[in-house]
Amino acid sequence: MMFGGYETIEAYEDELYREESSSELSVDSEVEFQLYSQVHYAQDLDNVIREEEHEDRNSGNSESFSSKPNQKNLIVLSDSEVIQLSDGSEVITLSDEDSIYRCERKNFRVHAKEKTQGSPASLHSNDLADKKCKRDIEKSKPGERSGTIQEVMIIEVSSSEEEESTISESDNVESWMLLGCEVDDKDDDILLNIVGCEKSVNEGEDDVNWFISDKDIEAQIGNKRSSGRWTHRYYTANKNVTCRNCDKCGHLSKNCPFPQKVRPCCLCSERGHLQYACPARFCLGCSLPMSSTHRCLERASWRKRCDRCDMIGHYADACPEIWRQYHLTTKPGPPKKPKTPSGQSTLVYCYNCGQEGHYGHECTERRMFNQTFPTSPFIYYYDDKYKIRERDQRIKRKVKELQKNGDLPRKFKRPHMEAADKRPRDIRTSHASWKNNRWPQEKKETQKETMSRNMREREKHRKAARCHEDDEDFPRGPRVHSTPGTSKTQKPHKPFHHSSHYLKPREDRLSKEGKRGKHKKKESCVGEDSNDNLFLIKQRKKKSKL
């Protein structure tokens, strides 16, 4: 019942295709060989099909055609010279009489109850020298009966091998076009039967229509050119690509003309050394900075067990759950707790083995990285402010013990941070921070320096006071007589070598020197009136003579 009442599929095919017998398989193999030997590659099939449909519609405007849509194609195969396709899209005609492989496809009208007349040899006797497959569309006559427009493909097979070899060379039929042939050196100059592209493969690279990705067009990445002068041009067109080596636009890091940068350290981000030679590396056991005399006093990590998450490799004060509990917190203070406890998801996968049913920290197979122990991704409980305060106090006590024993070295400073610290800042803030950031050993040295500075200042003040007393004992200028109306007394002039004179700014000094000149003029006027000071009078006479 599977084959419509026929015993075998061969009998069903014989009845379907109206063949007398299916014992001769040579005809089918020859047809298959000839069909596969003439393979045509199409590029723009949509445009070609639209053109054919448009031409079919134009030819159909002259007459009305009647066709049955549900009628199946009937293929007639026989040992005679004609093979017909009735009510189908194509008619294929094969013959073994002529000399070459030829192919023609024609659109013509096929009547419902007519047979094709004439031998296929007579149809192509005048076209033996053609090189390509031709497609001719013939318009039907207005007096013909109603039918359908179909295509006819006629393939003629040669009988002699010599004619086949000579004509195939003239028709550009290479050995690669035939099934079962090996690759030939002459296959470079191949003219493909490509619809929509009439260019050969071996044409220049500028003439080949290659397809370029849209991402490559947007990036506009240029290959590295052979000449060196092109790489140094500052007006290159490709400006939207940034180099990771020199941070300039226009090229990639592999095409950069500058030498490659040295790889930075993953611990301190400085260049010139790697992780194992870094001065800021830390101990994996105690997490303290390592030095030449460092000795780790902590227990091995596989002997540590956390009282908080019950995992191996750390203690409760270093549990990753401490920072994981802040996943909902956005303000300073204790961590925010969720209103409803989050349940575990139904889909559980392992990041270590990739299997379903368990998490990565529960996996019993070998780990990909053995330097650290796995941790739990869940939060068992949230800390309140009292527990946070207790943990901070424990950490401070531990830091004091390390400082007391000398196990905690000085803080490592990067070179760029040290250069930033050397910039001028406010004297008060720098002095306060300088006092607070010093260690006890350095405080003793600073105290000695401050004591010596204070002693020097005291000696300067003592010398200034002695000079002031000498001026009072031996006056060199006239004394100003105080008037009864003024209660203010003039202060004695300070000597020029006083220490406070150098500490004042320059503008104040200039203004005060100007005032001193005015006071001297007034004193000279007063001295002329009173003849008490004879020494000044003698000096004036000498100056006037000179």
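Every residue gets a Cβ built from N, Cα and C, even glycine.
Note that this is a predicted model, so its numbers are computed, not measured.
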* 34-51, 304-321 - the range that Swiss-Prot marks as zinc finger -> 304-321
* Asked: Among 186-203, 348-365, where does Swiss-Prot put the label zinc finger?
  -> 348-365
* Asked: Could you give the mean pLDDT over the zinc finger (263-280), rounded to a whole number?
  -> 86
* Structure fact -> Grouping DSSP H, G, I as helix and E, B as strand, the residues of the zinc finger (304-321) number 4 helix, 2 strand, 12 coil
* Structure fact -> Cα-Cα, Lys339 (SUMO2 cross-link) versus Lys254 (SUMO2 cross-link), nearest Å, comes out at 54
* Structure fact -> Given the zinc finger (348-365), its same-chain partners at Cβ distance under 8 Å and 6+ residues beyond its ends are 311, 374-377
* Asked: By a simple count, how many Cβ atoms lie within 10 Å of the Cβ of Lys254 (SUMO2 cross-link), its own Cβ left out?
  -> 11
* Of Lys339, Lys538, which of the recorded sites has the most Cβ neighbours inside 10 Å? -> Lys538
* Asked: Using DSSP and three states only, what is Lys339 (SUMO2 cross-link)?
  -> coil
* Rounded Cα-Cα span from Lys254 (SUMO2 cross-link) to Lys538 (SUMO2 cross-link), Å -> 93
